[in-house]
């Protein structure tokens, strides 16, 4: 009992670990909801429908990463709360315009001819609403990071994932196919945003709600975010999702469905540990940006911890997945266990790199970030070209 008490005191006394503990708890609860619901979802929706859903998410994430032209990433870096608020308002406005642009593109351009499946083509208009939801969620999340409101971040994630799962399961019983997954995703985003809206409405700080001069200043002050960081982010996300689209096009939605389920499982530890530490690292590193010793110590502390944690967790999941997946998710998903083992090393590296990649923003070194993303994207493209020639399904997943 004494050891547990001392452990609690240690956690509370360390701001970094306290913040991480709050975020990790919320993230764990939100993903427990997903894990508990996955056996139900895999019986309501087929691998093909999950494959189509993965294509939709790939397009959505590729677009939404620049929904605010990356101004949302500047919110925690703002000099004071008023500037941070102005940057938040600027981000929300840009997201609205970007969503409208997506809607116009879907409405007037032959999107259904470019998408490999007609089932997805007829629901492409949902992309505009999803971009609005995810763009606003990201902006509100950055504001909460700035304010150190980690409980709201945790709460919003729980509500978002719960709303998505409830909607997808409910619609799944109506046998409406892929539409159930798409609408459920949108419902989740709206649910998450509603939490942040309620939190901000209770904010008693004397901030000027709409400051046109402040919007202009933020737009100019952080111009490198849309000019450089947005391209880097777009290249990064495109590189992550091109393999899914490649699998769907060359091997069919079913193979893409197996792959996306493997990713869905590996995302849990990444989201639980990696994402939570990144949120805290974003807040702490922004404060230490002018203090070289503290900044360097925080960097190496994060790297060392993430190498050990990610290696142990991902390694254990990789070993048991081929035996657990068929039992809990059904025999039709057995292949996902093999795919999971092949991409597990990728997620070990992602868990280590993702938190410290924030250094590009803290140090305002967006040009170096763009160069690194171009190199990464080039390697992925070369791999895809090679795989296209070899045409071996399982081997293609391992190269990714």
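Each residue, glycine too, has its Cβ placed from N, Cα and C.
TrEMBL annotations: computationally assigned, not manually curated.
Note that the coordinates shown come from a computational prediction; the quantities given were computed from them, not determined experimentally.
Annotation comment: TrEMBL describes 20-38, 50-69, 89-111, 123-145, 165-188, 231-251, 257-277, 298-325, 337-362, 374-390 as transmembrane segment.
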Inset, instruction - Counting only CB pairs under 8 A, let me know which of 20-38, 50-69, 123-145, 231-251 has the most with the transmembrane segment (257-277). - result: 20-38
Inset, instruction - Determine which residues of the chain contact the transmembrane segment (165-188) at the Cβ level, with the cut-off under 8 Å and only residues 6 or more beyond its ends counted. - result: 33-34, 37, 40-41, 44-45, 49-50, 52-53, 56-57, 60, 119-120, 123, 126, 129-130, 133
Inset, instruction - For the transmembrane segment (20-38), could you work out the same-chain residues 6 or more beyond its ends whose Cβ comes under 8 Å from its Cβ atoms? - result: 11, 150-151, 153-155, 157-158, 160-162, 165, 168-169, 264, 268, 271-273, 275-277, 279-280, 328-329
